[in-house]
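The structure under discussion appears below in the form of structure tokens.
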Amino acid sequence: MNNSRSAGLAGFGILRNTTCHTEKKISVFFSIIFMTVGILSNSLAIAILLKAYQRFRQKSKASFLLLASGLVVTDLFGHLINGAIAVFVYASDKDWIRFNQSNILCSVFGICMVFFGLCPLLLGSVMAVERCIGVTKPIFHSTKMTSKHVKMMLTMVCLFAVLIALLPILRFRAYQIQASRTWCFYKTEHVEDWEDRFYLLLFSCLGLLALAISFLCNAVTGITLLRVKFKSQQRQGRSHHFEMIIQLLAIMCVSCICWSPFLVTMARIGINKSHSKETCETILFALRMATWNQILDPWVYILLRKAVLRNLYKITRGCCGVHIVNLHMWELSSIKNSLKVAAISESPVSSKQTSLQPRSSMDQ
């Protein structure tokens, strides 16, 4: 029995004399708290986004709301699945040999960790690209970025993330239980094989590339909006762009802060191989930082809305006693005017009326 148990531990990659210890009661308590807060936050954000999608069905905002809803739904299922497995592992005293003899649970856990980690980063970059196209190429965006195309983009991003998550399984490489014995991921200890290094570098490079694309597209979008704002006095149709770009900037900042430690750590392990100095505590801290991204993402849509920002601006202006910045984009009248102009310009009835006006004048 002892020989088979030690052989199983060696096969799973678990170290007996590990220096990474976690308190069972504290870990279970915090896991349950984080999972509950994440589920409630994402559920509230989904309700807000669905309500906004039903109210504003203009093309320029519908695509953004669909992508944002996909991002929040992904975060919600990430909390549900990964959180439930983590709580079960903690509650079972991390005895993987007892409940994971065939390594199925570890494989499922590893696939979910990769998918629900990579998919939000990719969706954030796709949202940034969509907003950049909507601001810089509005005609192309209005004709090509329909709801059908956005749903296809969501499906392609999810399928790509699933493919990356299933790649080790397709190559008959099992996911490894990490030294803390609380989660499963690619092999991060004694990495010698090129394929193990490839998976770590692939995950980290895709994540860092998504963050870089988000930063570049958001910078172009912000500069374009500011140039239009300062050069033109026409505010109609631009107010909703500022709201979305502020939400994108907040998502990008949250993703960079939360995911950069984990992505850089995985890249260093993949580059340095067995000579990596990353300890179990460092990896576990970076992982916990990354899990905060799924908790903070929905609060971007909960807090950074036009109504909330408008009230915050009024409070700040009242406290300071002076007009610091004339933020027309948060005025309710500007929002209503932009929505009316967009609705009239996109409605087929308005085009018919404009075509009939010359005829009526000729008849008179």
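Quick reminder: no glycine exception, Cβ is built from N, Cα and C everywhere.
Note: TrEMBL annotation is automatic and uncurated.
Residues 65, 68-69, 72-73, 75-76, 78-80, 83-84, 86-87, 90, 291, 294-295, 297-299, 301-302, 305 of the same chain sit 6 or more residues outside the transmembrane segment (30-50) yet have a Cβ under 8 Å from a Cβ within it. TrEMBL lists 30-50 (among others) with the feature transmembrane segment.
Per TrEMBL, domain 'G-protein coupled receptors family 1 profile' is recorded for 41-301.
Summarising the annotation, TrEMBL assigns transmembrane segment to 62-90 (among others).
If you look up TrEMBL, you'll see 102-129 (among others) marked as transmembrane segment.
With a threshold of 8 Å between CB atoms, the same-chain residues lying at least 6 positions outside the transmembrane segment (150-170) that come near it are 62-63, 66-67, 70, 74, 107, 110-112, 114-115, 118-119, 122-123, 126, 130, 186, 199, 202-203, 206. Residues or ranges marked as transmembrane segment by TrEMBL: 150-170 (among others).
The feature transmembrane segment is assigned by TrEMBL to 198-226 (among others).
For the transmembrane segment (246-271), the residues of the chain that approach it from at least six positions outside its boundaries are 68, 71, 117, 120-121, 124, 127-128, 131, 186, 188, 191, 197-201, 203-205, 207-208, 211, 214-215, 218, 221-222, 278, 282-283, 285-287, 289-293, 296-297, 300-301, 304, 309, judged by C-beta separation under 8 angstroms. Taken from TrEMBL, the feature transmembrane segment covers 246-271 (among others).
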Mean predicted confidence [pLDDT] for the domain 'G-protein coupled receptors family 1 profile' (41-301): 86
